[in-house]
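K.L.:
Below are the structure tokens for one structure; questions will follow.
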Ligand SMILES: [Zn+2]
């Protein structure tokens, strides 16, 4: 780490906003804003049950996981054609670029769409088109990670993988999301082994609400390269040691944790502790349209609540690049870009 210039605490939010960063944990369906839902509903003549942006935004004030999932799936119903998926991803990438996200590895949930009769081809080609255009139009390097819904069966996951393989060149890895408790990683051990043979990168949600045991099995049985969330790891000293030693990245999502009551308030979040223990922690937005903020909101609010400073800001941004699935050369370039921002900041 370079020697950092002294930065006044009042200037910290601006530094957080301006520093280049990577987003590694964002569900594209969770970026649907009410305005876009209603625009797509009109275009596709779908009745979403809300006729104004205000009414829909009101429904985003969900109170628990189930009411969140209800509105989440209702919103996804407006996605019918490839161009709908493209428009959704483009809206996210514009928003990410405004937060100085220069690299994004975006999750998508094909089963949410194929279950409604939308073809895998429409989902992937639409999202991929937005990624291809992102470098020129938004200045963001964007790739896709296909996530399996863990509350569904192993058999359904294998069927989904088969449907996606004709588009293997359009996504770089696979993940595991949806309700964690009661659906431990070992349920998908054979699926992950198969995806590993196919040369796909492997990640999984673990230790968000589920116990440290789920993080262990994600590492040892699924052999994932990153853990999504993972904040419950702090309950297990041996696990903390393993994560630090092997520098397994955790994609932490503070505002999501706050909204879903994983922590009672942001000041109680353990991100500072995880970072202090030498873990490769990153900051991410998860489902930003629903959880109260995109990347910079997560950084600024978390730093304000926990008292983290410029040194941790630098480390978190550097971690986001080191944890990404790009070549060592590209990681070095991103690192230099980050160092440049800090060196010239006043
Ligand atoms: Zn997530």
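Residue positions begin at 1 at the first shown residue.
Cβ coordinates are placed from backbone N, Cα and C, and glycine is handled just like the others.
Residues annotated as active site, proton donor in TrEMBL: 208. TrEMBL lists 25, 27, 205, 286 with the feature Zn(2+) binding site. Among the features that TrEMBL reports, substrate binding site is placed at 287. Positions annotated as domain 'Adenosine deaminase' by TrEMBL: 20-333. According to TrEMBL, the feature site 'Important for catalytic activity' maps to 229.
Mind running through what each feature is packed against?
P.N.:
Taking the Cβ of residue 208 (active site, proton donor) as centre and 10 Å as the limit, one finds 24 other Cβ atoms among all the protein chains shown.
DSSP assigns residue 27 (Zn(2+) binding site) to a strand segment in the three-state reduction.
Around the Cβ of residue 287 (substrate binding site), a 10 Å sphere holds 23 further Cβ atoms from the protein chains shown.
Sequence-distant contacts of residue 229 (site 'Important for catalytic activity'), defined as residues of its own chain at least six apart whose C-beta falls under 8 angstroms from its C-beta, comprise 25, 205, 206, 207, 208, 250, 251, 252, 253, 257.
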K.L.:
Measuring Cα to Cα, how far is residue 27 (Zn(2+) binding site) from residue 287 (substrate binding site) in Å?
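P.N.:
Each residue's Cα considered, residue 27 (Zn(2+) binding site) and residue 287 (substrate binding site) end up 6 Å apart.
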K.L.:
With the Zn(2+) site defined by 25, 27, 205, 286, which remaining residues of that chain have Cβ atoms positioned within 8 Å of the Cβ centroid?
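P.N.:
Close Cβ neighbours, site residues excluded: 26, 30, 107, 177, 228, 229, 251, 253, 256, 284, 287.
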K.L.:
Just checking: which of the recorded positions 208, 229, 286 have a C-beta under 6 Å from ligand 1?
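P.N.:
Within range of ligand 1: 286.
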